[in-house]
């Protein structure tokens with residue numbers, strides 16, 4: 001246990017002291033405009049299809065563009081994860097080349113959001129691109145969706161969320177309310193607990209969101225993270241009748257969604 005904590009602390013220290021350097025022309029520097037849910041990115045980088053400790057899935061969707069800070073986060077976190085577990089992170093949707101809205105997501109618009117599957121095949125290997133096209137999230141909840149499935153939820157799932165939450169550039173992580181409940185019960189007094197936030201769905205993957213980078217002054221967070229840990233009464237709300245009604249309203253496709261106001265820069269070439 002002490003060795004594992006030491007490895008994690010070393011990982012955090014390296015993350016804090018690492019300085020990103022980009023050998024690109026000044027006019028090709030990445031630049032973010034707007035918020036995670038209403039914005040765009042200029043000169044986004046592209047995460048390679050695979051690397052030490054990770055593999056991108058469903059490459060045909062071309063949702064592998066990100067700000068360089070997110071690319072670094074994924075590559076460094078995946079290395080740490082692999083060296084301690086000998087397993088790979090399966091990376092899902094990140095963002096489009098220019099950012100902006102994409103189907104199936106309310107955010108992922110500025111290259112700072114990424115979905116990481118909980119799926120962990122028993123015998124990890126480098127899968128072909130064709131094989132990875134078929135990968136999809138598998139729920140870790142029981143059939144009734146009242147608790148975690150004890151046969152599917154494993155310590156490795158806990159560790160991957162913990163590792164991401166301890167990274168200094170991570171602003172928040174979205175998980176299913178039942179997964180958040182598990183973390184509240186298991187880790188009641190840890191500083192990174194406040195980063196883990198409940199949201200509907202997210203039972204087969206977790207959604208990591210990074211802070212706005214210093215190179216993009218026009219990037220901002222629409223809703224700052226609450227100072228509390230998200231447990232207790234705040235978490236109880238997610239299991240209330242009111243929360244159920246709100247979810248039904250939010251995901252009611254018969255009602256047109258409100259158009260989002262985008263930054264002017266997002267309409268420029």
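Each Cβ is built from the backbone N, Cα and C atoms, and glycine gets one as well.
Please treat TrEMBL annotations as automatic predictions, because they have not gone through curation.
Note that the structure is a prediction, hence the values are computed from the model and not measured.
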Pick from 226-247, 248-269: which stretch is listed in TrEMBL under region 'Disordered'?
248-269
Across the region 'Disordered' (248-269), what are the DSSP residue counts per state (helix, strand, coil)?
7 helix, 0 strand, 15 coil
Chain-internal residues near residue 219 (disulfide bond), provided their CB is under 8 angstroms and they sit 6+ positions away:
32, 33, 34, 35, 39, 110, 112, 212, 213
Would you mind listing, in sequence order, the residues at least six apart from residue 184 (disulfide bond) in the same chain with a Cβ closer than 8 Å to its Cβ?
193, 229, 230, 231, 232, 235
